[in-house]
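The block underneath contains the structure these notes are about, expressed in structure tokens.
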Amino acid sequence: MTDSTETLTTSKSDSPNLIAKFLKGTELDTRLLGMFGALALIWLGFHFYGAIFNGYGAMLTPRNLWNLSVQTSSIGIMATGMVLVIVTRNIDLSVGALVGVTGMTMGLLQVEFLPQYLGLGNPFIWIITAVTGILVGAMIGGFHGWLIAYRGIPAFIVTLGGLLVWRGAAFLSNNGKTISPVDSTFQLLGGGPYGTIGATGSWIVGALACVAIIWMLIAGRRSRMAHGFPLRPIWGEVTVGGLACSLVVGAVLLVNAYPWPKGIIKQYAAANNITVPKEGLFISHGFAIPVLILFTVGILMTILVNRTRFGRNVFAIGGNPEAAALAGINVKWMTLKIFALMGALAGLAAVVASARLNSATNALGLLDELYVIAAAVIGGTSLAGGVGTIYGAILGALVMQSLQSGMVLIGFDTSVQQIVVGSVLVFAVYLDNLYRKKAK
Amino acid sequence: MSTKRTGTPLVEMRDISIAFGGIHAVDGVSLDLYPGEVVGLLGHNGAGKSTLIKCLSGAYQADSGEFWVDGKKATIESPIDSRDLNIETIYQTLALADNLDAASNLFLGRELTTPLGFLDDARMEAETRKIMARLNPNFKKFKEPVSALSGGQRQSVAIARAVYFNARILIMDEPTAALGVHETEMVADLIKELKSQGLGIFLISHDTREMMDLCDRVAVMKNGKLIGNERVEDVTEDDILSMIIMGKNPKKAA
């Protein structure tokens, strides 16, 4: 929200060059463009490094990018909540442990308890399990928020304690044993060949997204017109719409270009009495369900942040807590709600993570808090509070995951990976500081 | 200049006290305000002016004492209570969220929403443009966070916030401290205009000359106590200064 205003400031410099004109006409956020640039750099860099030194560029393949999208989901879901936490000048170090404890809760529930009463494979098991996981997360998060807001314990301490407590609780819940496999329907929430919506489904999602984008541009223009505010030039509107829609179409083409592996096709054909032709069947993955969950969360959180009083008040608290309180905003209650929301999102991330793993382990989500915070911060959320965007955090998660996955592909050691990720985080925040100074 | 001090006062503060850790910031102060009246609060830094006013605006809760608004006893325990009584406050710190734009600040805590419950940013901006056209016609930076505004522009956002919601009682804590000559004049004109509309205004300032000019009455505080509460016509600037400095009311001594 604040970023869109920064664009105007930066593009105000009167040099009539093409780039400035483009930015002014499209009102595109320079930070957003920068993140796409960084992402392109990472992808191309790893691809060509692999192509030159290992003889095979594995980064820019449909298979890898599809996997990347699934791997990003769980961190991305939590990063959207972390934006609100950090914007209000707090921090949540406990999200990884929350993933662990809610994951174990759901594992026990769907494997040990529910089948006893509902029968194995009952279609309600997955939904009861997922809702319970999200609720448990919300309750623990709300409890943290209560300690922070109403008992005055710093968020850093409460959630640092929570990190240890809930990780320990996750271990104790099943004496450290892994629970596997999970409910077969639940498993679809984590992706995998069956946990996708196929080629046709992906085109439908893509078409809906394009319609939504165009509708939003038209509605925005109408609203500006109705109040007599300055309008974007038509070419600017068309460029923005065109870019966004081609991005969507590109994503659909990409996920549809990744076919099911042969083994799965054989299994599927046998189950459905299809004879596989000699040249093989091409069945597309399409979008994975966890990715759709991430998109849905991203859209809902963006609406929450930009279009509701709750979101506006979150940013007001971040900008000036005293002013927010004087304006009648109940800062304590808001803090509690924000942490409860963060907890619920950690529960949802645990659904995705444990479904993807097809098991619940007490180590689920280990170190996730660091990646989630890094994603939010790389995405432009300021630790000083008051500034941050949802899309930035999701892109930040994608950047983090791309780095990680790229280094795995070209065979870097875990130790080297850690060094790179750590350095990138620090460097990204430094760049961000420079950007902000310039924007002022 | 003279206001009829008859009928029910808009606000009556009776015997208000508040202490912070044993220090009596406000000690048994009673003060009232009639419609169309401007009451100036004077005193050294730390005399208790801002604290008294914050009790009325709901930022602090008084330890003891009563508030009467329109002849009815009122409970003020939060900024919302105060606002519900049509009391609006311009704080010395302005109380703006620096990261938000003018419209978001103006409607902070009482955002306009569409029938579906979503923020109506377009209408909020349009309303902001309307009121700013009246208060500060030079104001153009509607899309930028208020951190990018000058002191005077920030002040006008804070004033717009208080004026927009049809306040009946206005509290202005050093509204001209950050302003240039021209803008100070604009605030003075605004105060006169609001006064003629029948608002009651509490004005806090260090500028005695300005206070003599704008106020109907001046109330002087020192060490949390009310030293004097006099009509402007009845006192000289020297009288006020001696009340501020000595903590004695020459009128009473005489």
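Cβ coordinates come from backbone N, Cα and C, glycine included.
Curation plays no part in TrEMBL annotations; they are all automatic predictions.
Features reported for this protein in TrEMBL:
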- A:32-53: transmembrane segment (TRANSMEM)
- A:65-86: transmembrane segment (TRANSMEM)
- A:93-111: transmembrane segment (TRANSMEM)
- A:123-143: transmembrane segment (TRANSMEM)
- A:155-174: transmembrane segment (TRANSMEM)
- A:194-218: transmembrane segment (TRANSMEM)
- A:238-260: transmembrane segment (TRANSMEM)
- A:280-305: transmembrane segment (TRANSMEM)
- A:338-358: transmembrane segment (TRANSMEM)
- A:370-395: transmembrane segment (TRANSMEM)
- A:407-431: transmembrane segment (TRANSMEM)
Tally Cβ pairs under 8 Å between the transmembrane segment (A:338-358) and each listed stretch (A:93-111, A:123-143, A:238-260, A:280-305), then give the stretch with the top tally. A:123-143
Long-range Cβ neighbours of the transmembrane segment (A:238-260) (under 8 Å; 6 or more residues past either end): 22, 25-28, 62-63, 65-66, 69, 193, 196, 199, 202-203, 205-206, 209-210, 213-214, 217, 232, 268, 281-288
Can you say which of A:93-111, A:155-174, A:280-305, A:407-431 has the most Cβ pairs under 8 Å with the transmembrane segment (A:32-53)? A:407-431
As a test: from A:93-111, A:155-174, A:280-305, A:370-395, pick the stretch that has the greatest number of Cβ pairs under 8 Å with the transmembrane segment (A:65-86). A:370-395
With a Cβ cut-off under 8 Å, give me the same-chain residues at least six positions beyond the ends of the transmembrane segment (A:407-431) that come close to it. 46, 49-50, 53-54, 58-59, 64, 374, 377-378, 400
